[in-house]
Amino acid sequence: MHPKRNGGPSVQTPEIFWGVILWMTVWGVLGSVLLRRRYFSRDLDTSNVNFAGAMAGAALGPIGVAVLWARTPKLSGRITTFLGLTAVVLIAAAFSFADPENNCVANGAFRASQFTNGLIIGIIYGFMALGLTLIFSILGVVSFAHGEFYMIGGMLVYYITVVWFPGVNPLLGVMGACCLAFCIGALFERAMLTPMYTGKIDRPVEYGILATFGLAFTLQYFVQALHGASPVKVQRYIDFPRWEFPAGAESPLIETRRGNLTLFDTVSISNPRFIAAVTCILVLLALLYLLHRTWTGKALRAVSQDREAAAIAGIDPNRMNMLAFALGGMIAALAGALLVQAFSWLPQVGAIPAMRSFVIVVLGGLGSLPGAFIGGILVGLVEAAGTGCIPDAQKAASYIPAYGMIVLTLTLLLRPTGLFGRRFASGAHGQGG
Amino acid sequence: MIQLKVTNLEKRFGGNHVLKGVNLDVNGPELIGVLGPNGAGKTTLTNILDGAIKPTSGTVYLNGQRIDQLAPYEVARAGLGRTFQVTRSFRRMTVLENLYVPALAMGHMNQGRALTEKAMEVLEFLTIDHLRNEYARALSGGQQKLLELGRLLMLNPDVIILDEPFAGVHPKLMEVIYAYIRRMKAEGKAIILISHQMDAIFALSERLIVLNFGVLIADGAPDAVKNDPAVIEAYLGKDEEDAA
Amino acid sequence: MARIPHIAGLLLIAFFLAFPLVYTGANYDYVMHVLITGFFYAILASSWSMLAGYAGQFSFGHMAFMGIGAYGTALFCHYFYITEAPTGICTEFGFFGNWLVIKNAIGVTSTTLTQDCLQQAIDGWGDTVRVWRMPVLLGIILGTLAGGLAGLLVGLLVLRLRAAYLALFTLGFSEIIKAIISAEIDITRGQAGLVLPPLYGEGLNLFGLQFGQTDKIPPYYTMFALLLACLAILTWLSRSRFGLFVRALREDADAAAALGVNTTRYKVIVFTITTAMAAAAGAVQAHYVQIVTPNMLFLLQMSLVVAMAVIGGVENFVAAALGAIFLQIMLELLRTSFSIGGIEVDMTVWRLVFFGVLLMLVLRFARNGLLAPLIDRFARIGVAEETIAKRKARQEAQS
């Protein structure tokens, strides 16, 4: 999964890198705190100022903080994005000065390939997180069983196409996995989550967390008990045809081999990931159609915005809850079903994707569908940068969960509502004063 | 002598200008009724006095201490107590435990006999002493309102803000709340009473203030306010029958 | 009647105190081991119940603090030594006439290829220079402090987070701790684990009885004493104003603040105390099993603690502790695999499935757990009757 590195684990002058990071941190914290006070006392909108202040401090140091302090501009998305990007570029520059021989500094092709692969895997991450955010926006529950749905998705494909009906078309396997996951989700919701809606439970949010936690636990060990702990893998679903564009050129722009797709003769994308990402985009489009063009989808969105009003309008919120939970589970299962051809599969495989999905939905804003998707891509890119650039490859792999956590911590500190989050002033759902 | 001084209080939420320079002086024991249509800024005013939100500008002084930048618990310790529009009892604690919290938090009492006796006295006054060991969630809505009032008695603040104390209360319990307000007045506390129930407000308050769109449009004796043309136009005009 | 839980509690304590002395059945060491592990989980479950059940802070990072405690003492005992003479090659400081030596970190290869600086020095000295390990108790105390300090920091970070955000953040924190321990192989030796000295290195001589290093009785009573100490602290806390305040905080933080409760402070305090308890349990357990690996931080462990607390009763720490001991014993009893009709049933995994199903059933049908309502019932005997009688008396007085 990770390309071999040619350089050893040697950062030449780490002082530069850590010095810059320290400088950025100090000014980021200062900017965030100072500018918040400034905007507050000037009676301006303070919802963005923590983030923008931190980014200004990190990107431009005292100058950025001073300019914002003096002029207190309206913090539009454009300014904050610009500052954020500058900060990222600065980190990258510091890194490349500190370790000029690092593969992801010296090797352009490697960089392009990491970027593309990060983007592609990010699409799949985002798709999976979409299920989690869908469940949250309708039921107000963070499903701790999301990773297990992902796991059973892959497992079911393996069992359907390899064990039970060998030789069956993988498409049927994927669809079967989705259907089964949908049913498990619906059943679980009916059996376990219904008491949440009647107000009989004192702390519904915690109840939901514990109930899905129980489901995760049960599912994981159920699969392990039935299947054992041996890893499985599924053949790739589709072979690319042998194709080149422009045909016959020495270094074609696009070149496909059975298991691989090569762009510009430099960036190589493996077939399973490419297929998975394309399918995710297609299903995403279908989902958007469902949500925006059909009655059921409109009902779902109505319930997510205002339960009572939707109920008055003749929508049964209970049924929407079931649908949302089942759909969310199915989305995770589909992500798993698509990735089982790329990774080897174990009953414990769900833990890291679940954690990643949590990070993504918090980054994108709990309950925001576009946020989940963009958050997924960002996390995919961050992970690609993390795994590609850290000099010690083994450490880099161990720290995969940590990259997401850094993003999560920064989000919670700087902009708890996430990129596209709805504001939950207080109350049961999430953060608040 | 109790002194609450609100000066030029302003609050904006983004572009929404909720309070536009409210001034209010409360000196000594007093019962002030607050009227205002929905969205007039009553709840925002309460939340600022209580410390739950900070004002955009303006100051609040309680007995010479500036309280508008304090945290809610510091405001409570400085001597300002409030009830909530929607009852917020500690549902899974017993009635007695509900009453212990403010007394212990203020630090003027310790656990023991004296505390229990004081709490029982409060419960008897509120006529819910038979429920002392029940969980608060087992109480009816009206009883929970009484419990919330009881917590304020245990907190023993100088200034009391009652936010809709009569909403959803059985007429029989209304008597208890009336008696409660009279008792607080007799104990020399300043009471700010926010309610939509005109009859109660006019029956109880000595002074009436009217908020409309974040502006304090009237402040004076109830009869004078009632006949104030600005008030009639802004608020009473619409439901004169209720007010009469 | 209301005293029944107290009497039952005293009887249970007496039973567990006497058990190692009177038990003569089979597999003595194994039974003791199960109970010691049961006490270990009981400490975790009861402290988690204080955090989640009483204070309403559903943290999923409890095992991370346990791990900080365990690794705190492990690293301390692994890297710090006292010698009579300076080694000349290690980092070292004068220490009351002796030398405090900090070994260099050499990672997993140490046993076969390279030797750490202290070992090199010892090889050079022969038997002429005495070298002491650090006292185990000091390591345990440091581990506990480290866990409590981490709890304090996390508590400060999550102050503004509620419910779902809190659960996610703490879960992520625990993943980070695990990642760091797994990745920093140079220092923590990764999956190879760190070996610790036993709780009582020289064995123990008590009341004329000599206990060897591998004897189960000293660790049994140590862990049991730690459990009792934790329960005593928790009881004291829950009966003092602290317990009242954190429950008020759980029910309605805004209302509690409006009544003068410094919610911020109590939230941080409850985090610090409960995480320190988890760390203490982890440190003692680490010395008992004598090895720490990142596997002890798997989500499974956290799931077990959560399930134990929920099944016992998350809102009563005694119930949570009892639930933990009971379920630990159950889990061990269910371990034996069997076969039906020629199909081998691997109970080592199936028991966890039953465990999960039990967790869901308890959640669904007995939300306060299986033991807590029982205790609560005894404690609240007569409440309903009293209410009814008093109400009647009032009505008669009025009419």
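Heads up, the Cβ atoms here are built off N, Cα and C, so glycines get one too.
Checked against TrEMBL, the range among C:34-56, C:241-263 recorded as transmembrane segment is C:34-56.
It is C:220-237 that, among the stretches C:63-82, C:136-159, C:166-185, C:220-237, forms the most Cβ pairs under 8 Å with the transmembrane segment (C:34-56). Contact check: the transmembrane segment (C:220-237) against the transmembrane segment (C:136-159) gives fewer than three Cβ pairs closer than 8 Å, residues 6 or more apart, which falls short of the contact criterion.
Residues 44, 95, 98-103, 105, 118, 131-134, 136, 138-140, 142-147, 150-151, 170, 173-174, 177-178, 181, 187-188, 194-197, 275-276, 278-283, 285-287, 292, 294, 296-297, 301-302, 305 of the same chain lie 6+ residues outside the transmembrane segment (C:63-82) yet bring a C-beta within less than 8 angstroms of a C-beta in it.
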